[in-house]
Each structure stands twice: as C-alpha cells, then as structure tokens.
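Student: Quick one: the structure is below, and I'll ask about it shortly.
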Amino acid sequence: MATAANSATAAGAAKDAPPAPSKSLSGIVKQVLSGDTVVIRATKGAPPPEKQITFSHVLAPKLARRPGAGGDETKDEPWAWESREYLRKKLIGVEVTFTFDKPANSNREYGFVRIGKDKDTGENVVESIVREGLVSVRREGRPTAEQQTLIELEDQARAAGRGKWTTNPNVADKVRNIKWAHENPAHLVDIYGGKPVKAIIEHVRDGSTVRAFLLPDFHYITLMISGIRCPGVKLDADGKPDLSVKVPFADEARYYVETRLLQRDVEIRLESVNNSNFIGTILYPKGNIAESLLREGLAKCVDWSMAVMKTGADKLRAAERVAKDKRLRQWQDYQAKTPAFNSKEKDFSGSVVEVFNGDAINVRLSNGQVKKVFFSSIRPPRDQRAVVGTDGEEIVKAPPRGKNYRPLYEIPHMFDAREFLRKKLINKKVQCNLDYISPPRENFPEKYCYTVSIGGQNVAEAMVAKGLATCVRYRQDDDQRSSAYDQLIAAEQQAIKGLKGLHAKKDNATLRVNDLTVDHSRIKVQYLPSWQRALRTEAIVEFVASGSRLRLFVPKDSCLVTFLLAGISCPRSSRPALNGVPAQEGEPFGDEALTFTRERVLQRDVSVHIDTTDKAGSSVIGWLWTDSGANLSVALVEEGLAEVHFSAEKSEYYRLLKSAEDRAKGAKKNIWANYVEQVPEEKTVVEEEKEDKVVVERKVNYENVIVTEITEALTFYAQSVDNGSKLESLMSKLHADFLSNPPIAGSYTPKRGDLVAAQFTLDNQWYRAKVERVQGSNATVLYIDYGNKETLPTNRLAALPPAFSSEKPYATEYALALVVLPTDNEDKEEALRAFSEDVLNHKVQLNVELKVAGSPNLATLHDPTTKADFGKQLVAEGLVLAEKRRERKLKDLVDQYKAAQEAALAAHLAIWKYGDITQDDAPEFR
C-alpha cells in the first residue's frame, strides 16, 4: 500500500484526480450507497458519528433514482445494482479500516477501505471490486502507484471478461425494472397473500418505518411495522421534520433498527395498507424486529395496526410487558394499574344460567354460587341517539325513554346479540378467565370482566366477528383490557369489511314488538283465537315472576305476553321492595318453586298451548313444555311445589297431574311435608239417589280411524284418518332432517319422560318417541305417533329438534268399552288374536263412549260398512266378558252386551264351553 507522502506527490502530479488518502480511521460499514461509496459509522457513541467515503480513482455505474428524490426518475446504468450488491454483501456490518482525504473545493471525502483492523494486511475493497470488473478506473493525468495498480487490475478484468467487461453483455438483464409507485397498494398485499417475501431494507426513517425493495420484482415500498410505534421526529407547522426538537428515544430507536436491518436481507409479510404506505411484519435472522423493539422499551404496541396482523400479536404484548416490568426507556415511569386477583376470582368454569343484554352473563359454579360475568373489552349495541366520540365513549347520553321502554327490543341488534348468546351459552359449560376489574362509576358498581370461552372459542370474539358488539378503545398505557384484545380488534375489522350487523350500511331498524303485558286489549281479539287453534306455539321465556307466572316472547307473532301455568296452584314467592312498594314475604316454598321454574325454563326455547285468559284478560293461561319435553305444570306438582287446581279436572292432563300429586303426597315432598291422608267417607243412599237422577243420553259421533297397535290389556292406539297426510308430511321432514344432520351416537343422555327421536329397529328410520324407562345403556320408548313400544340402546336415541316437538301425538290410546278379558292366559291370547284380526291396521269407525279421568277413554269400534260393533261381536263369540257398568247413558248398550253374553253362554261358546265361569266369583268359591 502507498504511503501518505507518496499519495500527496501523486496528487500534485495529477490535479484532476482525487488526492491520495492521508488520514486513517476504523469503523463499521453502515450502508453502501453505490459501487464506489459507503457510509461508515464509528464504533462508539449512541448513536455514533458517521462518515461517507467515496472510493479513490474509481467510478461505479449510477443507480436508478426515484422520482421526487432531488430530480426526475432515472434508470440504472448497467451493472450498477450488481456493483452495489457486491459491496453490500461483503461490507454491511463489517468492521473496516479506512484512509481518506478531502480535496480542496470538494464536498466529498475520498479514500481506500480495508476489511479488518489492520490497514496494511486487510483486503483492499477498492482493488477487489475493480478485480471483479464492477467499476471503472479513472485514467486521466499521471497515475499514482495505487492508481496504477487499479489500472492493471482493470486490464486483467477486461481480458478475463469479468463483470461489465463481459464479451457478450446482455444490457437489459443488468438494469432493474423498479416499481417506485403503486396505484393499488391493497392489490399488492393480496398478491403476496400474507406470505413472507424476501426484501432488502434501503432506508430507516424512524424505528417503526422503513423503505425496502421487495425481491425479485423490485417493488419499492414504505413500510410501517405492524403492531408498534417508535418515537419519531417532531413535525413543524408545515408538516416537515423539525430537527431542533429532540424526541426522547427517537434517535436510539432508529439506530437500533439501522444496526439490525439497514441493507440486510430480511423477509417482509405484508398485512395491510394505510393510505399509500404498507403495513407489515419484518422478520430478520433473530426473529421479529417488532418484538425486539418492544422488549427494549423502544416501542409501544399500537392497537389499530396490531389488528391487521395474521399471527404474533400475543407475542408483541408479551414483549411489551417485559419492558414494562423492567421499566425500560419509555416505560421508566410506568406504574401498573391492574389490581391483584385471588385465584377464585381469576379463573373458574361453570354453567350459564342467564344472559343479559349482550355484554354479561350469570354463571353457576359447581358449589351453586351464581356469579355475574361481564365480557372484557366489548360493548353491546347502544341507543343510537347517544353521541359517541372517536374512542367509543358516549359524549352525550341518550335522552331518557318512557317507562315502558325495553332496550332489548328497541335498540337495533340488541336482541340479535342477546339471542346469539342465549342459543350459544344457556345451560352450557364455559371457562372464565379474569382480565380486569372495572371500577365503579356513576350509578354502576364495579364490573368483573372476563374472557369467556366455550369449546376453546372466545365468545366475545365471535360476537364482534358477527357485528353484534364493538371493541372498547383504550389509551396506549391502559392495561385493563382483554387478554385477547388483539383478536377482538382483528375480528371487528373483518366485521366492518364484511358490513356485518352494526356495520351494515342499511339503516338498523328496531325489532317491532307488541307488548301485551302493557296493552291487554288485543289479547282476546287478535291473538287468543290463533293460539287456541295451534297445537303448540314456540316461545322464549324472558322472565320468571313466580313458580307459575312467566313472561313469554312469541317470535311468530313478535309479542310479549304474561303466561300462567294451567292446572296448578303455586305458592307465591317473596318480592323485594321496588319503586316505593314495600317488600312482600312469600308463602312457604314459594321461593323454591320460583327457583325450580327459573332453572328449567328461563331464557330457554319452550312450546306452549294456550287455553284461555284470566278474568281480567291481562294474562293467558295454558300448558308449557320445556326443551326436554317435560310438562312444567306436572313437574312442579311432582316436586311438591304446586298442587292440582280444580280447573284441571276438565283437562287431558288431569290424570298426569293427579298421579304426580299423589306421588308427591306419598313422598311428603315440600308443601306436602305434613300431609295426612284422609279416609274418604262412603256416600249415603240419599246422595246416590240424587246422583242417579241426572240422566245423560249416549252420544254417537263416529270418527274414521286406523288402529295401529293393540296392547295386552285390550287397549289400543288409533290414528285419525283425517290426519294421515299431516303425519306423512311430518315423518318425511323428520327423516330428511336426520338424514342431512345425523346425530352423534352417544351424545344424548335420555331421561324418563323425555320426548326424543328414536331409531326404529326394523327400518332404521327416526320417529318421535317418549322415554318410559331407562335401564343402564337401554331405554324403553313409546312411539307416540303409532303406539308401539320398543327397548333400544340409548345410542339409538337423539334429542328431538324443537320444530318437531310442537305437534300432538298422532296416535291416541283407548280402552275397548264394556268388555273384560278372561282371566285364563290362553283365553286372553285367543281374544287378543281375534280382536287384532278384526281391527289392527284396518280402517274402522270409533265412538268415545265414556271419558275416564286418569285412564284411556272408553270407546267402541264399528265396521264402516256393516256398522257391526266389534266389541259386542267378541262378546257374542264368547271370547270376552261383558263389563257391568252403572252409567245411565250406557244402560242400553250394556243391556245389548249382556244379552250377547247370555246367548254365548247358552251356546257354550269359547270361554263358556264348560259353563258359567262367573260362578267362580260366588261366595262359596272364595
């Protein structure tokens, strides 16, 4: 290498050539500006000083210049990019020794650069790039020794055809096609599809904003790093950088990024755009640069850009927490605001028993305690008359509404939000993880806010994704937020993009609800007739006032109505003081009845049959079936929490109610704890004579039926011929539903009394059935539309969809009137065989002769053509006995049956073959 003196002599001999270097320093290469110019920074300082060195005696091809960067757009000279890249890969981040001098009347400093600390033995970078044929050597004037060496190296490169001296150069291949601007940045994001793309960082504007080339297509982009913001340069009134104002940690953050990314090979994952800037994640050999900046306290998380991240938002939050805990740099004065939680408050699981208006639920824990749980960091739909600020807070509250205002129905999407939660959560097990406690404010108490998940899914995130809730916006230093806040923000962005729910462009209309709990005048005229005609009506239980008094929402009619359970009398529950009305004590077991009803029907889908209204016409009275098919009136009586009302005697459910009440009395449950059974007094002769004076004529009203099943007790099940098409339609829909949505085997656990779907053994089709008994893994069911019974494995049972539970059974059980089976088993079998041959699966005519409370109605069956009475025919053939009954209206029919029996006895037919079998009942045979 030439000495400084020799360099000075050479400079004097050639005035036009750059002077030979005379000063020697060391440093680390920060940036390569071109094939002949580098920026070297000192090894000390924060940030350290820098020096730009142009190589002496050489000239590199000029790189392209972007428009607006001090002039018009220019293209690369051939081999400009290759010469720059040769130096970048060799020098960036490498410690070098360099000698330089600044000629008079020049703004540049020229010199030589050697790799390593030894200025004499290190690789001469200028000579290396000349040897590769990537720069030209200046040949004007008298050459110095260093220059002569470079000339010789250039001649060797020319002779060997290296680099730009290649003999067959394809110039077009050595000029980049740079895309400086992008008319549709979002389209470029879509092209890369969130996949990492190779890139080179060309400039670091501040710690969180860089410029880069995307390879290999040379898209030049300005990139804002996703999820973070570093301190930047302060802008003046004209929007230009004001370098006189020092922003704490701005220079340090930029220096931190420069030393790790500038002109390094990285991967960039484009995630979104902001105006003409791109938003994305930069991955370098040590990971995500955003995490590193956060961990050092040089950046803070930014919610709006974190929402666009595909993955890794949780890692950014964790990195920021590290800096907060250590109080590094920007967090040096940080004070945690999150209170400490005990383990019982923090995490628990339980079953959801109630949903409040879109932002809270009640959860019952395993110990029976009920906790109110608020969803973290979301807001339910709100009154549109309120004025809301940019942070989502209400600046001006909505003016008060009238006393009958019901926000659940009148605030757009509030009912949708509640319904989403109700259908998804009620009676389901959820996991609750406490995020923060919101302090009390105004008239509201403190709120315990949780991340609630079901089956691994965040419920709040699902709500936000459907546009049924919005995210709360926080200050950057506010840690009281959901642990899944970034996922919530991302879900909200998707909902906005998809115009879902609250974000739809169309006007959000309120749900129009007819509140019949306030306006009673239309119940009897407008609604009651259709409700009475319907076999069952689907409804939602909105409120339970007592064990037998509820408020229902009927979706089909979009109305609210007060509903009273028919057939029972339930003790009154206690009432708290409200609006100046003093508290009222409840009757014994009234609160227990209230709890029983709440636990089974509150906010559940139920089906009801409405019979009538109360005397005032303000409430409807009827029967209610829970989502499991249980009659709630019967269930309350069974638990001893209600007694049978006299009005139930006319009801078809009287037998069930009376049997349930008898069982509750026998078990001395609740209201019957002190019950003592009374022995009924025998009626006097006078009373019987009074009753006998009431004479009722027999009514004949034939109905065409098909007998579908006959039991061993001589009862039978019959279907009305008029309902045949309805039954076929119901079965077709049921079969189609289970074919398209087959149940998961074993997912349903049947209970006695449940209305279920059962897979019949003979054809493997699904039918409606009622569970009569469960024994281990088997269950005995009654097919309610046909009357036959079967014992099945429980995995052949499934929950009956609500759409198929509202219709009454199509098969009704009757007892064959005025006949009695013989006691001998063989005679019984013969009688049942003959009866089956006559009527089973045949179309016959049925007449109800007598309605019996608690038992099947007594009926006669007749041949449609001959009008022959099949029961009397069995008596006449000596297969059954005539029954002795005292009802006056049946006297003529009883006499006919008695005459037929006497004729069979006289002819010694069948059971009378050996004489009068009834003589066995005489006293001497007892």
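Even glycines carry a Cβ here, placed using N, Cα and C.
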Student: Looking at 1-25, 201-225, 301-325, which one is region 'Disordered' according to TrEMBL?
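Tutor: Of 1-25, 201-225, 301-325, TrEMBL gives region 'Disordered' for 1-25.
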Student: Could you count the residues of the domain 'TNase-like' (535-674) that DSSP puts in helix, in strand and in coil?
Tutor: 41 helix, 45 strand, 54 coil
Student: Counting by DSSP, what is the helix, strand and coil composition of the domain 'TNase-like' (195-333)?
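Tutor: Within the domain 'TNase-like' (195-333) the tally stands at 40 helix, 50 strand, 49 coil.
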Student: Mind tallying the domain 'TNase-like' (23-167) by DSSP state, helix then strand then coil?
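Tutor: For that range the per-state counts are 38 helix, 43 strand, 64 coil.
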Student: Per-residue pLDDT averaged over the domain 'TNase-like' (23-167) comes to what?
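Tutor: Residues in the domain 'TNase-like' (23-167) carry a mean pLDDT of 91 in this prediction.
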Student: Quick one: DSSP breakdown of the domain 'Tudor' (749-807) into helix, strand and coil?
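Tutor: Summed over the domain 'Tudor' (749-807), the classes give 6 helix, 29 strand, 24 coil.
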